Structure formats: C-alpha cells, structure tokens
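Engineer: I'd like to ask you about the structure that follows.
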Amino acid sequence: MFDKLRDLRRHLGDRSDWPDEVNVHPLERAASLAGAVGCFALAAVRRTWGSIPVLALGGALLHRAVTGHSLLYARLKVSTAHGVRGPSASVPHHQGVKLVHTLTVRQPPERVYRFWRELDNLPRFMHHLESVTVLDERRSRWRVRGPADISVSWDAEIINDVPGELIAWRSLEGAEVPNAGSVRFERGVGGHTTRITVNLEYHPPAGVIGNMISSALGANPEKQIESDLQRFKELLETNVPHADAPQRGRLRDVRDLETARQVLQLDDLTKN
C-alpha cells in the first residue's frame, strides 16, 4: 500500500501540463496525500462509529491530492497550481482552441528534447512562427507573421522543464494571443525512438489580430500542427527540412546543417 502511495506522490510532482481544473500546488497535493494516509490510519486503529467523519475527511483529502482540484479554490477563483495565486493557465477555461498530436521520431529522447529546448529551432518546422528569441533561461519572445506582413508577438515562459521528458510553457500576462502548451518525450522500445505528445492551447482575440492568427494557422489548425510536426520528424531524422518548410527557414537550415551533424557526431563520440 505504502509503495503505491509513494508512486502516487511521485506522479503528483510539479506537472505544469495538468488541465485547467487543477488549481492546487503539487506541495499542497503532497500534504493532502499525507493527511489522507493519516486519517485512514487513525480510522483503522479506532474502528468506531466516530471514525466515519475521519474517513470522510481522508477521502476528501485523497480526492484533492489525486485530482489537484479544490472546490473552495474554484469558488474563490484562485489557484496555487503553479506556486502563485491567480489563474493557473494563460487561456481562459473552455474558451481556447485545444490541439493535441502525437508522433514517433527515430531519435532518442535526449536528442529530441535538446533540439526542442533550443527554442530558436521552432520556426524551422512551425510554419506559423517567424521567430522565437530567447530572453533568458526561462523567458522568450515569439513572433507570428500573417497576411500583409502584419506581425504579432508575445512573451512566454517555461513553467516546467524536465530534461529528456517534458517542456511546458505559457504566455505571460498581457499577451495579445494567450496561449499555453507542453511537449512530452517518452522513450520507445529499445530506447532509440521517442514518442512525442504535443498539447497546444490558444485563445485568438477578435478583430485584426484574431483574423491574422486564423490565417496563419489555416482553416484546419489540427492539420497545420500535424504538418509542422511531420517537418520536425523529418528534420530530426534526416537533418533535411520537408519540401513544404517555410521559405524563411531554408537558408538557415542549410547553414545549420553542418552544425547539426557535428552535434549528432559529438553525441555519438560522448556515448562511445
């Protein structure tokens, strides 16, 4: 039993790709789990009718730990999910466009993670991105260019970074296009492939900016993301961009090709 509880506690780590309903910080969830175990242990020792309220409290604490959701927090419209009071995500609940896509890349998770973590690589395969400028270790500036050379940019921050496993980010307050996302890297059979799951959520505003974002993503955002990730897959597996890759990235891809090859060769030498 305690082994399962320890596994559950590890599962309740600082996961910033939890859905919007999560409004309890991981440390609070761990404390709730400990409280639930204490209540159940006390009830097991007493075994009286008076233990029923203790069991009920333990059940409530266990629910809070497992789901990460507090009804009181929800009614007060507060959240500690990311360590601060206030909204836990950049996108208003049930108001954004949510996209999820999964694919497998024939590279180990360490390499795939490392390529994605270099955020200025993203425009090389994301068609709607013009540039990503790294500001510091966690913050970056994203720019999208739409029709008639109209561009929009916003600042984002990485809210969870587990090397080789997970990257999660969200736009900062005041972004013209509130958005959040995560990419998870799971090792495949044999350790030479990586299963990637990408979650994106954005809330396009009304007016010119909203129309521009819609135009940039096309009539079918799911298909656009699928195409972007297919380019990502081919770039990682062959170091050659897909034929439909954005023109603005072609020259950079050619210049970076030798550098990418050197990085892969260095990885091989390090392992050997």
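Using N, Cα and C of the backbone, Cβ positions are placed for all residues, glycine too.
TrEMBL labels come from automatic prediction, so no person has curated them.
The structure displayed is predicted, hence computed values, not measured ones.
Heads up, here are the entries from TrEMBL:
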- 22-81: domain 'Inner membrane protein YgaP-like transmembrane' (DOMAIN)
- 107-217: domain 'Coenzyme Q-binding protein COQ10 START' (DOMAIN)
Engineer: Write out how many residues of the domain 'Inner membrane protein YgaP-like transmembrane' (22-81) are helix, how many strand and how many coil, based on DSSP.
Structural biologist: 44 helix, 0 strand, 16 coil
Engineer: Looking only at the domain 'Coenzyme Q-binding protein COQ10 START' (107-217), how are its residues distributed among DSSP helix, strand and coil?
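Structural biologist: Taking the domain 'Coenzyme Q-binding protein COQ10 START' (107-217) as a whole: 32 helix, 47 strand, 32 coil.
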Engineer: Within the domain 'Coenzyme Q-binding protein COQ10 START' (107-217) only, compute the mean pLDDT.
Structural biologist: 84
